[in-house]
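Copied over from TrEMBL:
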- 16-41: transmembrane segment (TRANSMEM)
- 53-73: transmembrane segment (TRANSMEM)
- 128-252: domain 'Palmitoyltransferase DHHC' (DOMAIN)
- 172-192: transmembrane segment (TRANSMEM)
- 212-235: transmembrane segment (TRANSMEM)
Amino acid sequence: MDVVINPFRLCSGLKVLGYFMIFLVLSIIALSYYAVVILTWAPHLLRGGFNSFFSFFIVILFHYLLILLTWSYMMVVFRDPGSVPDNWQLVSEEDLEEGNPTSISHNLGPQTSASALSDGTEIRPAIRYCSQCQNGKPPRCHHCSICQRCVLKMDHHCIWVVNCVGARNHKFFLLFVFYTFLETTLNTVVLLPSFVNFFEQTKKHSLSPGNLAVTFLAFVLNLAFALSLLCFVIMHTSLLLSNTTSVEVYEKKKAVHWKYDLGRKRNFEQVFGTKKMFWFFPLFSEEDLKNIPALHGLDFPIHSDTDTFFFKKNWAWWRSLLYFLR
């Protein structure tokens, strides 16, 4: 009897590595806390004067960023990125050609509201099918070989959070990356004097070898993470402002005009919502969840054919004018 081995099933074993990554993140946080707060700045709090005030500011800022970082991290780990509803079925070609509204509304799932149709949002029925999940695939949905399921508006699978980044936790992931970058940058700056005096303190034996090792290791780790996260912040900011996911980059390159690009402000609101008071917290307002279908990951506003034609027509006109003026 022939044994059929599905290599994609083996990818689910990477979840074990993800649990180790969670332990690693918590270990780095504990190491940084001990080095920055306990060893470096807490002893200055009782000395009085400007040093005491500055130390108090550093400790408060460290804890504030740590709370936001941990909060965002937990939301990414435990929040479902978005799954395809069970009632999402593949629409037949006959239904697409005839524009059967009954079949289309049936395939939109429970998250689609009437406001999504009245504000210019174009609803596109599922015309793709996932052979692994045996279900239809909404727009921007992709199958994750590690999670063994389709994820709505999938960006990527992150082993650091043992979860996929999708429509319903994308904001939390971006906040986690942003606050981790700020925290590691802060730790690097405030530990820099101790790192510079590392060898001098070693000769004078002013600190125990264990404390010296903790300070040195914490500085090196935070510096490495700060530099690497800077690249991630720049990359994901660029993707956010163009309303593109990591898996859509290649598809976007082939398009003349990316259909999901609504302008930087609206692109940002498709992930973070419209309420400014919630932008910097891993939360959404009830109003945004009700009025922005993209936050649920089933349907998305796109440029209409008229907008695309207007863009192409005016671009040709401006190009002709510039050619004439040369």
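Each Cβ is built from the backbone N, Cα and C atoms, and glycine gets one as well.
In TrEMBL, annotation is done automatically, which means it is predicted and not curated.
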Averaged over the domain 'Palmitoyltransferase DHHC' (128-252), the pLDDT of the predicted model comes to 88
Please count the residues of the domain 'Palmitoyltransferase DHHC' (128-252) that DSSP assigns to helix (H, G, I), strand (E, B) and coil. 74 helix, 18 strand, 33 coil
